[in-house]
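Peer 1: Checked TrEMBL, it gives:
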ACT_SITE  His42  active site, proton donor
MOTIF     42-45  motif 'HXTX 1'
ACT_SITE  His124  active site, proton acceptor
MOTIF     124-127  motif 'HXTX 2'
Amino acid sequence: MSARRLFFGIGLPEPLQQQLVRWRAEQFPEEAGRPVAAANLHITLAFLGDVSDEKAQGLQQLAGRIQQRAFNLDLDDAGHWPRPGVVWLGCRQAPRGLLQLAEMLRAQAARSGCHQSPQPFHPHITLLRNATRPIALPPRNFHWQFRVTHFSLYQSLFSQGRTRYRCLQSWPLSEIP
Ligand code: 2AM
């Protein structure tokens, strides 16, 4: 049976992707790591791994039942995880809506047999990969905000040496007060 590498995540508005890429180019020297392509900047909510079409359908149905409010996300934190070699952007205080959404998707994934990392969820946007050497992080004088109005299921594709994420389906978050 065919299996696709899938994850639930939050995409970024394109103007923000462009801003982040410009900022990254100013802040980090080339040797710091491999920059993630602008279109690939995202926040992973739940990583599913290689999933059969049948299992993906079940997960899509469950995702459609989630009732969750839209929320604002403040990007005001950055960090470096030397072991996986990741430089990331995140939030000093993650909004409750984000944590609840990830918690639900991760619980549904676990119940459907997708192994979930035992590490606590730390929402982040990976900016650089292969960043295994010590680096100086930029001063924390940056702040971007965007409204998260939907979440999506993505397929991770790798071809011709490049990773690309294809959005398979999106679900809206409610704006009702
Ligand atoms: P990362 O950005 O922290 O590397 C698609 O591969 C997305 O799923 C990436 O954002 C990646 O997170 C995340 N991901 C990949 N493999 C993972 C794993 N084994 N556990 C959790 N998240 C993973």
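Glycine too: its Cβ is placed from the backbone N, Cα and C atoms.
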Peer 1: Could you give the Cα-Cα distance between His42 (active site, proton donor) and His124 (active site, proton acceptor), in whole Å?
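Peer 2: Cα to Cα, His42 (active site, proton donor) and His124 (active site, proton acceptor) are separated by 8 Å.
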Peer 1: By a simple count, how many Cβ atoms lie within 10 Å of the Cβ of the residue listed as 'active site, proton acceptor', its own Cβ left out?
Peer 2: 21
Peer 1: Relative to the Cβ position of His42 (active site, proton donor), how many further Cβ atoms are located within 10 Å?
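Peer 2: There are 20 such Cβ atoms around His42 (active site, proton donor).
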